[in-house]
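The domain 'GST N-terminal' annotation in TrEMBL covers 80-161. According to TrEMBL, the feature domain 'GST C-terminal' maps to 167-285.
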């Protein structure tokens, strides 16, 4: 039987015996017994609510435990681990990192080295049969494709719908921009730059014209608005800024597109955690590309 005086000794035993990976967490646990009720606050870096419940059950010496209630603050809503399999610098991975920052959810980053075939292991294929990066595993729920992950995080954990509106017309605009980013803008980057990075190093003028056309469309979409669908930051802006920043570090000239240039500066200044999620990683992408080209040209 626990009592108020003994709650600290329980805490000490839990910390020392529990094989829980450290994650920042502070919350209150209320344990209710048939004939007594105690409260204790666990302030630790070792907490997983699921594991705590099972630990309590495994060590109890009485059948008097009726139930266990958890009282979580907003700051500590995300106790269970959300694993994110990613490749640093990858534009689709940066999409998700930006979305996570904007939503306010912490991801457990799992660097997946595709050059070593880590995406082809039986363990990873069990999570994602397509073995693509990025992939999110939210406590057994697996989802891949970066824009699908972005919308999932917002709908599952977002505090409001500002990033991905519930209104059908406003949401349709966000979806259209997301699909435009995937199917037109990012696609034009891949088609034009991939042969330069990984092929013979030669550029194709026709494919470069498709890049220019994509930016002309984006410039029209933005118009006089602050953001790509209006005057509020949405998931569409986070996906688009990841792509546009990739063009920028490859020395693509954005200056002919005045609306894009203004929007780009706005998003970089207002997207939560921009430097950590995209600013620094896109520079790392540029360094890897430069290194690859240098080795190829030797």
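Quick reminder: no glycine exception, Cβ is built from N, Cα and C everywhere.
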DSSP helix/strand/coil residue counts for the domain 'GST N-terminal' (80-161): 37 helix, 17 strand, 28 coil
Secondary structure composition of the domain 'GST C-terminal' (167-285) [DSSP: H/G/I, E/B, coil]: 89 helix, 0 strand, 30 coil
